[in-house]
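Colleague: What follows is a structure written as structure tokens; I'll ask about it next.
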Amino acid sequence: MGWSNVTPGSPDVTLGSCRRYVANATGGARATEPCRDGWDYDRSIYVSTIVTEWDLVCAYRQLRQMAQSIYMAGVLVGALVLGGLSDRFGRKAMLMWSYLQLGVMGTCTAFAPTYASYCVFRFAGGMALSGFGLSIACLVVEWIPTPYRAITVAITGFAYTLGQIILAGVAYAVPHWRWLQLSVSLPFFVFLLYSWWLAESARWLVLSGKADRAVKVLQRVATFNNRKEEGEKITVEMLKSNMKEELAALKSSYTISDLVQTPVIRHIFFCLSIVWFSISFSYYGLAMDLQNFGVSIYLIQVIFGAVDFPAKVVVTVSLSYVGRRLSLMVALFFAGLVIVANIFVPTELQTVRTALAVIGKGCLSASFNCVFLYTTELYPTPIRQTGLGFGSTMARVGGIVAPLVKMMDEYYPFLPPAVYGVAPVVAAVAAAFLPETLNTPLPDTIEEVENRWVAGRVGDGWMDG
């Protein structure tokens, strides 16, 4: 509770919300002490939050940021661990496990009795979020034909955007954090039930030595698509014959070290790492300023979500006709440009500042769409999930670093937005050194990537050595 009274003899010094005057103090300047009887909170927007639940204020205010950092750390660990497990146990199995873990951990979070248990459950939920995202991406890419891949990724991106907008409405309608947490966690049990119907990646099944299951899956898909007769013609021998080169080059196991052992994959790995880090870094840098635009946090959440629709429509068309590389470069460059431009807009012009931030967010969302699709097309099947997982890991590192840079605005107000703006421009330069994948078949082995891009580097000019 803020106090309006001041210390006698120091008219310019006011007490903050964390200290109070000592009762019955006599003589001289009145002594102060930390508040010992609790705090009164403004509940006009939120009925209850973790801040009001566990008094994360004053000496404990850093725990608010720690809770978010622990969640992001869970997402990071999940990207590292679950990405590799998906390459080992299958996309569908990891997707179902992620649904279950998200539902269980989210429900446990809603009933967490202490701050420590809340953080533990959030960490586990963050891990599951990574497993879910990575598995969905690989299933989409490995099932959808090349001409329709960009539009399919865009549709999944629109679903994500719609979720952002709906979340604003749900949060407005359910202002108590426990009920809100439960509301967004229970649907994952429904997702778990219908995920049994999803088909495992036939490509992964063949490369994992499970050609019999791959045939059954393909026949089931053919029947669903009213191509039952064509499906009945598929045999194990046919699949092995069509993928004999990939099977011959396959080794027993793959690890994250395979991302840096060969020159072309290593080149792709380093460029994509810069891109993933920069997009997430700038994205969260913008998100942390949501409450500083002078607009209702619910409204700005809706606006930030709605801008994704036109941004993703434009980038989907661009991905299909212009190409992956140029689309990514342009989206990143414009994102950096508008973020830097916002530095020179006076704080009084809140509408202009908000508009530029919304445009920047739209460009970064488009960049996410590009790099998600691009990453899955650049890496071969055996390490596709691992590569995507490490890219997601770099994104989470960007999300963790962004608040640290934000802390510098106390000393140099212009520095954080400048760094947030320069990062996408650097990423755009890194993206220029990646090979184009438009209308190119998915690679199934590391050797295929090496041979394909080394053979084409002279014509494409993307790598000099």
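Note that Cβ sites are derived from N, Cα and C of the backbone, with glycine treated the same way.
In case it helps, TrEMBL gives these features for our protein:
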- 1-439: domain 'Major facilitator superfamily (MFS) profile' (DOMAIN)
- 66-85: transmembrane segment (TRANSMEM)
- 97-118: transmembrane segment (TRANSMEM)
- 124-144: transmembrane segment (TRANSMEM)
- 151-173: transmembrane segment (TRANSMEM)
- 179-199: transmembrane segment (TRANSMEM)
- 268-286: transmembrane segment (TRANSMEM)
- 298-319: transmembrane segment (TRANSMEM)
- 326-345: transmembrane segment (TRANSMEM)
- 351-374: transmembrane segment (TRANSMEM)
- 386-405: transmembrane segment (TRANSMEM)
- 411-434: transmembrane segment (TRANSMEM)
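Situate these features within the shown structure.
Modeller: Per-residue confidence over the domain 'Major facilitator superfamily (MFS) profile' (1-439) averages out at a pLDDT of 80.
If one looks beyond the transmembrane segment (66-85) by at least 6 residues along the same chain, the residues whose Cβ comes under 8 Å of a Cβ in the stretch are 50, 94, 98, 115, 118-119, 122-131, 134-135, 255-256, 385-386, 388-390, 392-393, 395-397, 399-400, 403.
If one looks beyond the transmembrane segment (97-118) by at least 6 residues along the same chain, the residues whose Cβ comes under 8 Å of a Cβ in the stretch are 50, 54, 56, 63, 67, 82, 124-125, 127-132, 135, 178-179, 181-182, 184-186, 188-189, 191-192, 195.
Residues 136-137, 140-141, 144, 180, 183-184, 298-299, 301-302, 304-306, 308-309, 312-313, 315-316, 319-320, 365, 368-369, 372-373 of the same chain lie 6+ residues outside the transmembrane segment (151-173) yet bring a C-beta within less than 8 angstroms of a C-beta in it.
Sequence-distant contacts of the transmembrane segment (298-319) (same chain, at least 6 residues past either end, Cβ-Cβ under 8 Å): 150-151, 153-154, 157-158, 160-162, 164-165, 167-169, 171-172, 287, 290, 326-327, 330-331, 354, 358-359, 361-363, 365-366, 369-370, 373, 438.
Long-range contacts of the transmembrane segment (326-345) within the same chain, counting only residues at least 6 positions beyond its ends with a Cβ under 8 Å from a Cβ of the stretch, are 275, 278-279, 282, 285-286, 315, 318-319, 352-353, 356-357, 359-360, 363-364, 366-367, 370-371, 374, 414, 417-418, 420-425, 427-428, 431-432.
Counting same-chain residues at least six beyond the ends of the transmembrane segment (411-434), those with a Cβ under 8 angstroms from any Cβ of the stretch are 267-268, 270-272, 274-275, 277-279, 281-282, 285-286, 325, 328-330, 332-333, 335-340, 342-343, 363-364, 367, 374, 378, 402, 405, 462-463.
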